[in-house]
């Protein structure tokens, strides 16, 4: 059995540098590597749907209608109802569905608990997957998350402490699944197909969000909110055996892959994938400006996306007295648009590579298109308060266009350090996930200090942070393999 090893004696520039990319063969969506991408897509669909169903079911889980969203209490209680309003709870819940007297502050703690769990495991999961394989790490995360989701209704019955602990553990499982999946592309993605393969895989997060929003409320009102957890948790358990049977860590280990495709993938990655495990060059990573630019840009973009998904709907609700989250379709529409944009943008990025565009140019173009228009639309939002249709359209476009960054900065680690990309992609996402904790704190402070111009301040700050991160990436971002990421050659006597 052959090994994925670098070609000896060659020190030429890698294909993902500034060279032109000319594909050896046209990719086929029926190939094994696209089958792997679909399975990762399905995994992302499951973990994201399981991530947000608490936001949907909270409407039916709370007992009191007197708990109003407040912007001047604990910052953790923003927003109270990510996808619904306690004042619009179903008037008649199915018999046997328990309800709880949780005030907005407690609800905010429950919502945020999952983010703390994710931050703990995102970076380690990438490193772990690079060592023992994506199949084991993500498979364990998928099963663990599904079981914890099934246990959530019982945990709520046991008490708030059990529920919060369950949410933290679920966040740790989701972090393992999200951060650990990127190691698979070190050995499965030819350089000129990385954008679309990663795009197909990551777009499952958006589709999972859309489907959970569309179905979560219906299930909650017809069967009771516990069945939302039972159905999505059960679906995760059903898909776990499929992951174990169909996913393999590299083409060499796959029993059903076509020989031609296997040789094609191995040859295209010959100078990038090593058969030996190499230590992480931590000191060199800390001093690497291209790596820091990637992390900072991911953080600033995630700040923008958190503000869009959390606060823009709340803003529209407060201005027009119309809660778009009460409409399943309107709530899911921005994520459906984002799902389509993610797929099209990923294919467009790889198409540009075939047209003699430098890889660094493609990465930066995608990042600019995914950052600047979205933040600009959000900045304009407070100035169109007289037109509901325009405001909702700007919100939808902001969320949708933001996913153009996916074939840009978010896959950049595969370019600058393919041998350490699993760790770096997990680390950069853990760094970006900090924004999920900081956004409610900072935005809540701004809204409570200046009720009149609070929204403008929130959106303006988001624009400034996103623009500064984008500029930093445009100046220092690279797409060629860094010296510290190249394989260390052994001298034979």
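Yeah, the Cβs are placed from backbone N, Cα and C, and that goes for glycine too.
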Transmembrane segment range according to TrEMBL, out of 57-80, 81-104, 225-248: 225-248
TrEMBL record, transmembrane segment, of the ranges 109-130, 175-196 the matching one is 109-130
Based on Cβ pairs under 8 Å, which of the stretches 197-219, 332-353, 423-446 lies most in contact with the transmembrane segment (390-411)? 332-353
Do the transmembrane segment (109-130) and the transmembrane segment (365-384) share at least 3 Cβ pairs closer than 8 Å, excluding pairs fewer than 6 residues apart in sequence? no
Across 197-219, 225-248, 332-353, 458-476, the most C-beta pairs under 8 Å with the transmembrane segment (137-156) come from 225-248
The recorded stretch from 197-219, 365-384, 423-446, 458-476 sharing the largest number of CB pairs under 8 A with the transmembrane segment (332-353) is 197-219
Long-range CB partners for the transmembrane segment (197-219) (under 8 A, at least six residues beyond its ends), listed in sequence order, are 33-34, 37-38, 40-49, 51-53, 56-57, 59, 83-84, 181-182, 185, 188-189, 227-228, 231-232, 328-329, 331-332, 335-336, 338-339, 342-343, 345-347, 349, 403, 406-407, 410-411, 414
CB contact flag for the transmembrane segment (458-476) and the transmembrane segment (225-248), at least three pairs under 8 A: no
For the transmembrane segment (365-384), give me same-chain residues lying six or more residues beyond its boundaries with a C-beta closer than 8 angstroms to one of its C-beta atoms, as numbers and ranges. 195, 297, 300-301, 304-305, 307-308, 312, 315, 345, 349, 352, 390-391, 394-395, 397-399, 401-409, 455-456, 459-460, 462-463, 466-467, 469-470, 473-474, 477
